[in-house]
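Chemist: Here's a structure for you.
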2 protein chains.
Amino acid sequence: MKKPLILVTNDDGISAPGIRSLIDVMSEIGEVVVVAPDKPQSAMGHAITINNTLFLNKVSKSNAAITEYNCSGTPVDCVKLAVNEIFHRKPDLCVSGVNHGSNSSINVIYSGTMSAAVEAGIEGIPAIGFSLLDYEWDADFEPIKSFIKKITIETLTKGLPIGVVLNVNFPKLKEHEIKGIRICRQAKALWVEKFDKRKTPQGKDYYWLTGEFVNEDKGEDTDEWALANGYVSVVPVQFDMTAHHSIQHLNTWNLNEKN
Amino acid sequence: MKKPLILVTNDDGISAPGIRSLIDVMSEIGEVVVVAPDKPQSAMGHAITINNTLFLNKVSKSNAAITEYNCSGTPVDCVKLAVNEIFHRKPDLCVSGVNHGSNSSINVIYSGTMSAAVEAGIEGIPAIGFSLLDYEWDADFEPIKSFIKKITIETLTKGLPIGVVLNVNFPKLKEHEIKGIRICRQAKALWVEKFDKRKTPQGKDYYWLTGEFVNEDKGEDTDEWALANGYVSVVPVQFDMTAHHSIQHLNTWNLNEKN
């Protein structure tokens, strides 16, 4: 069987340990091409670069086992450039990560890691975003490699439903402590901001965004529950953002009556 | 009755004609505070600023009818700063726009205008994003003002379902040509990229992202259909991105069997 062509990207930048671990696992499964940001692009959401130029640089040597490019743009730009300017076709899979830090719950919407996966999904490419609940550069990705491999192979074998990509988060545990993999829904949680207000040396106010993650969703079918209880969480994510359930209600509004 | 407190923001920047029109309409309805980016932030998706400082400047004079701030960050940053550092409470409504250009269909996911509305929704604030299908700086916003007012008043009166914000797009038509307002679903469409590859004066390749919007979704219940047929489209948008319909299917995968 022909090896699947796998695009690997992330949002922490091409030199992050997380993506190096993901490349290791993917090399056991398929032909790997890396197109990743040349600098950290965390919390970029689904940003694309339309008011600036994009640079794409081949950074692997010609005899390297894996072809690697860095890109001056966002994670979404990386996917678009890979498909259009490197592959000239759809890869068989796009994987993003492994992110240094959680992308569970509402983080999916701020995440550069997940936006790359979502962009691939929009373009009809099976896609998975992987994140580890450890923000450290020195995070240990070894315990999760077997799970990444299993989820990836199952995705390649079974295929994903149309319009769905996977958001996979790993608890910060040793391999034998991880209880298993659970399919979950996104917990209804949010960040409560707290700005750190400071003054420049010239006396002008400025802010750093900080915040506290608040989860009041106690459902045992959520990603937050799974992660807190030692499981790997897998949330199927869609990019049809329509709140279909509220269309009927909104049709009762008097929007077309003359005043 | 006390006037509602309305936060106005956008992604084209505080000096864009679109936001000035929105401020005009909102001033007829409530107490308006503007917190908008100090420069264009189109296509920023749900980006937030975590690796850089944020500046917030009051730009209206002390005797001005409307209080205005510009912000060095993204549209989402504007909402977070407004709620936390200006209001110290939730406003009664957040409106974003009027965007110069469409945010219908899949554009909702790339849009800075909509990300501001979605952020407000996450924080429990009723929110609406408005966009006009005209990218020109000189776009005529007069024909849509009565529709903006009607939708806003209905939203304040009826309230939005929990977890739902509105994505409102206007066709580029004269007021009497607009047939009415339709509640729609997001059309399943996408951008097919085409990069414009150029060379720097030093001979290095670079790219501009361009693309073609392709809609193969012919449903008459979509925003694209409504807009093409002379209607204002209103799509209820949710930020629970879980593909609930696929959870049962994914539970049939062999993720927890030992190899």
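Here the Cβ of each residue, glycine as well, is placed from N, Cα and C on the backbone.
The domain 'Survival protein SurE-like phosphatase/nucleotidase' annotation in TrEMBL covers B:6-191. Per TrEMBL, the feature divalent metal cation binding site maps to B:Asp11, B:Asp12, B:Ser42, B:Asn99.
Just tell me what is around each of these and how deep it sits.
Modeler: Under the DSSP three-state reduction, B:Asp11 (divalent metal cation binding site) is assigned to coil, being neither helix nor strand. Residue density at B:Asp11 (divalent metal cation binding site): 32 other Cβ atoms are found within 10 A of its Cβ, drawing on all protein chains shown.
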Chemist: Enumerate same-chain residues with a sequence separation of six or more from B:Asn99 (divalent metal cation binding site) and a Cβ-Cβ distance below 8 A; give 'none' if the list is empty.
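Modeler: Sequence-distant Cβ neighbours: B:Asn10, B:Asp11, B:Asp12, B:Gly18, B:Ser111, B:Thr113, B:Gly129, B:Phe130, B:Ser131, B:Leu132.
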Chemist: Hey, what's the Cβ neighbour count for B:Ser42 (divalent metal cation binding site) at 10 Å?
Modeler: 23
Chemist: Listing the binding-site residues B:Asp11, B:Asp12, B:Ser42, B:Asn99, which lie under 8 Å (Cβ to Cβ) from chain A?
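Modeler: Near chain A: B:Ser42.
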Chemist: If you take the centroid of the Cβ atoms of B:Asp11, B:Asp12, B:Ser42, B:Asn99, the listed divalent metal cation site, which other residues of that chain have their Cβ within 8 Å of it?
Modeler: B:Asn10, B:Gly13, B:Ala16, B:Gly18, B:Pro40, B:Gln41, B:Pro75, B:Gly97, B:His100, B:Gly101, B:Ser111, B:Gly112, B:Thr113
Chemist: Going by DSSP, is B:Asn99 (divalent metal cation binding site) part of a helix, a strand, or coil?
Modeler: strand
Chemist: Can you tell me the mean pLDDT for the domain 'Survival protein SurE-like phosphatase/nucleotidase' (B:6-191)?
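Modeler: PLDDT averaged over the stretch: 95.
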Chemist: Among all the protein chains here, how many other CB atoms are within 10 A of the CB of B:Asp12 (divalent metal cation binding site)?
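Modeler: Cβ-Cβ neighbours of B:Asp12 (divalent metal cation binding site) within 10 Å number 24.
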